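*Asks:* Annotations for this protein, taken from TrEMBL, read as follows:
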| type | residues | note |
| --- | --- | --- |
| DOMAIN | 2-78 | domain 'Threonine synthase N-terminal' |
| DOMAIN | 99-335 | domain 'Tryptophan synthase beta chain-like PALP' |
| MOD_RES | K110 | N6-(pyridoxal phosphate)lysine |
Amino acid sequence: MKFQSTRGQAAIVDGADALINGLAPDGGLYVPLVFPTIDFDWEKLQDENYLQIGQLILSTFFDEFSNNEITDFLKSAYRDFDDSKIVEIHQLDDKRNLLELFHGPTLAFKDMALSLLPYLLTAAVKKNGSSKTMVILTATSGDTGGAALKGFNDVPQTKIVVYYPSVGVSKLQRQQMTTADGKNTHVVAVTGNFDDAQKAVKNLLTDHRLAQKMSAASLGFSSANSINIGRLVPQIIYYVYAYAQLVKNNRLSAGEKLDISVPTGNFGDILAAYWAKKLGVPIGKLTVASNANHVLTDFFATGIYDADRSFQVTSSPAMDILVSSNLERLLFDIAGSKAVAAWMKDLTDKCRYQLDDLSLSRLQDSFNAAFADSKTTAQTIQETFQQNNYLLDPHTAVAVSVNKDFPSNRQQLIVATASPFKFAETVLKALGKESDNDPQMNLNLISDLSGQRVPLAISGLFDKKIIHTKKLAIKDLLTDLNEALGI
C-alpha cells in the first residue's frame, strides 16, 4: 500500500517509509493513497481471536510484511497482557457495552498500538536496509509516554525520548515514566502543557538542520505519537474485533449498525473507529466525548476550530489537549489536501480555522460531540458504581456521561481507555472516599472496592527507583536532545 501526506506536498511513500518517517516532510500526516475496503464475513470473524483479526487488518495496510512476519509481530506484542483475550467487552446494560482496552502493561489503551509499534518500526528499518538507530520522539499527556517507554524498552537500534507536562499527569503516570529503566530511555518534564510538548516534537521532526546532524551520526527520527500511521492502524483491530464479538454474543445481527462513543483528546482513537467504518464495519454514529477542554465539541457544532483559549487541567489528563492532531486526517477525507493545508496554516498563524458549510455538514453526518466537566465526570463514576457495580476511570466516565446526551435504539460501544487503578485518587474522591498519601494504599482501596486484584503490571511500581528527574522549558529541548544523543 502507498501512503500520501494530508497536505499534498510530500512524496508518496510505501508503508515502511511512512512508519519510519512518522510525520510527512511537509508537516502533514500519512494516509492511504487509496483507502481499502474489506468484505467482512462476520459469521467467520466471530470465531476468530484478536490476533487473527489483527492479521487481517495489518496485512491490508502493510502489505510489505509477510503473513509470518505479521503473526510474529502480533504474538510478541501482546504476550505481556494480563488477559488472554487481550481486550474484554463488559455489558453495562441492555444497550451499552464497554470495550476494555486497559489490560496491557501500562493499563491504558495506548498499549494496544504501542506494544506493536516497535516491531513494525524495526522491521520497516530492516526492510529499507538501514543501519540507523531510530530516535522515537514522543509527547504525552500521560498515557502515551508510559506505553511508549514500555514498548521500546531496550529494543535494539532505538532510543525513546518522552516529553510530558510537569503539571496534570497522575501520580501513577508520572511514576511509570520517571522509573523507566531501559538503557535507551530519556524522559523530560516540560514547563508547559501537552500541546506545547506536541508542537515541540513536530518542530524537531521537521528540523532539517537537526536531521542532517542526525544522519551524520547514523540516527533517524520517528514518532510514537498517533501522528504515526503505525499507531493508528493497530487501533482499527479492536473495533473489528468488538463488532465480531457483539455478533457472537447476540448483541448484534451481522450488518446491524453499532454506535460508538470515544473519550477524545488527540483524535486518534476515534479516527481509528472512523477508518474501521470506511473499511466496512457497520458503524452508525461516532460520538466525540471531550472534557472541559472542549475545543472539539465547539468545532463539531460550529465548524470553527479555535485553539486560542485557556487550557484546563482536568481529572482526565490524557484528554487535556487543545490541538487535536489526528483531526487533520479526518479533514483530508472530507475536503482534500488543498483545504487541509490552508486550514493548518491558519491554525499555525492564527490559532484557529473555519470550515466551509459543506465540510461541516459532512462531519456532522458521521459524528456527535459533547463534553463533560470534572464535576459531571465524578458524578458519572459514582452513579455507574452504584447502579452497575462497575468502576470507571475518569476518561471512560467522560464517554459514559456524553453518551447519555445522544439516546439511541442501537447497540452502543463505549471505549474504556484506562483502568480505574491508574487514576486511583480521582476515582476514590468521586466515590466520596478518602485517599491515602501512600499511592500503594490507594491501589489497595480500589482493589477492595472493585473486587479485582491490583494488576501485576503496577504491583511494586511505587517501590521502584526514580531515574528521570529532568525538568526543562520548551526552548531548551533542542539543546538537551543534542546532548542526549551526543550530536
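Glycine too: its Cβ is placed from the backbone N, Cα and C atoms.
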*Asks:* Return the average pLDDT for the domain 'Threonine synthase N-terminal' (2-78) as a whole number.
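*Replies:* A mean pLDDT of 97 is what the model gives the domain 'Threonine synthase N-terminal' (2-78).
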*Asks:* Near K110 (N6-(pyridoxal phosphate)lysine), which residues of its chain come within a Cβ-Cβ distance under 8 Å, counting only those 6 or more away in sequence?
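*Replies:* Expected: G104, D143, T144, G146, A147, A148.
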*Asks:* Can you check what DSSP calls K110 (N6-(pyridoxal phosphate)lysine), collapsed to helix, strand or coil?
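*Replies:* Reduced to three states, the DSSP call for K110 (N6-(pyridoxal phosphate)lysine) is helix.
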*Asks:* Taking helix as H, G and I and strand as E and B in DSSP, count the residues of the domain 'Threonine synthase N-terminal' (2-78) in helix, strand and coil.
*Replies:* 34 helix, 9 strand, 34 coil
